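Student: So Swiss-Prot lists the following for this protein:
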- Lys40: active site (ACT_SITE)
- Glu15, Ile16, Gly17, Lys18, Thr19, Phe20, Asp57, Glu118, Gly119, Val120, Gly121, Asn178, Arg179: ATP binding site (BINDING)
- Thr19, Asp57, Glu118: Mg(2+) binding site (BINDING)
Amino acid sequence: MSAPLSLFVTGTDTEIGKTFVSAALLHGFARAGLRAAAMKPVAAGAYERDGAWRNEDADQLDAAANVALPAAIRTPFLLKAPAAPHIVAAREGVALDIGTIVDAHRRACEMADVIVVEGVGGFRVPLADTRDTADLAVALGLPVVLVVGVRLGCISHALLTAEAIAARGLPLAGWVANRIDPAMPFADDNVDTLRAWLEREHRAPLLGALAHMSPPSPDAASHALDVNLLLNALRAAAPR
């Protein structure tokens, strides 16, 4: 049996569709015959149902995965307030320990063929005084998929994020253009520009361009993603 594959999903900002794209990837992996699981290691914003605290993003990932991870592995750190994780964690008396997440990821890898790890916010969101989500991605040692929210300013945001990923020594396995502003002029031209620059500077392929969907359907969106291209990139980046 081949070793499990895993990837870290980050974005150009918060609220640009990381969970939507992560769920679409899960549908695509499942359609490819893989046991697909998801982690949302740090989630900020919880609601209570049936005596348990839950998170909407984690719920969406659970709905798309065909392997259900225990909540403590899927989301080791569930914070109640929907705000910057390090601020909420300090107020709730929680230490966002990267080692705990790495251990949860190791256990998740024993349960599935591919694990989608969704970050929180953008690529460099503080988790503590001196550590951020980029440090988490490095500790996990995973290839990164960048979700670009296609709106005004996305070109600079995407190129800066790609530079930050490369500076940490992580491979950019690919990127997804997610149309979040349906009224944006020249959206296709922006995507074409990013396709050329990210390919030239980082050899990062466009995995798919997602049209604005209302309501969003990760299953439908999965058909616009080149899952096989991503799987090949993940296999190439896997430790030998």
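Glycine is treated like the rest: Cβ placed from N, Cα and C.
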Student: Calculate the distance in Å between the alpha carbons (Cα) of Asp57 (ATP binding site) and Glu118 (Mg(2+) binding site), and round it to a whole number.
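Tutor: Asp57 (ATP binding site) and Glu118 (Mg(2+) binding site) have their Cα atoms 9 Å apart.
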Student: Starting from the Cβ centroid of Thr19, Asp57, Glu118, the recorded Mg(2+) site, name every other residue in that chain with its Cβ within 8 Å, sequence order please.
Tutor: Val9, Lys18, Phe20, Ser22, Ala23, Ala38, Lys40, Ala43, Ala58, Gln60, Leu61
Student: Can you count the other CB atoms that lie within 10 A of the CB of Arg179 (ATP binding site)?
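Tutor: That number is 20.
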Student: Using Cβ atoms only, which residues of the same chain lie under 8 Å from Gly17 (ATP binding site) while being at least 6 residues apart in sequence?
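Tutor: Within the chain, Gly17 (ATP binding site) has Cβ neighbours under 8 Å at Gly11, Val147, Gly149, Asn178, Ile180, Leu210, Pro216.
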Student: What residues, ordered by sequence, lie under 8 A Cβ-to-Cβ from Gly119 (ATP binding site) and sit at least six positions away in the same chain?
Tutor: Phe8, Val9, Thr10, Gly11, Lys18, Val42, Val125, Thr133, Leu136, Ala137
Student: Can you give me the same-chain residues 6 or more apart in sequence from Thr19 (ATP binding site) with a CB-CB distance under 8 Å?
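Tutor: Set apart from Thr19 (ATP binding site) by at least 6 residues yet with Cβ under 8 Å, we have Lys40, Asp57, Gln60, Leu61, Glu118.
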Student: Please classify the secondary structure at Glu118 (Mg(2+) binding site) using three-state DSSP.
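Tutor: SS state of Glu118 (Mg(2+) binding site) = strand.
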Student: Other than its own, how many Cβ atoms are within 10 Å of the Cβ belonging to Gly121 (ATP binding site)?
Tutor: 20
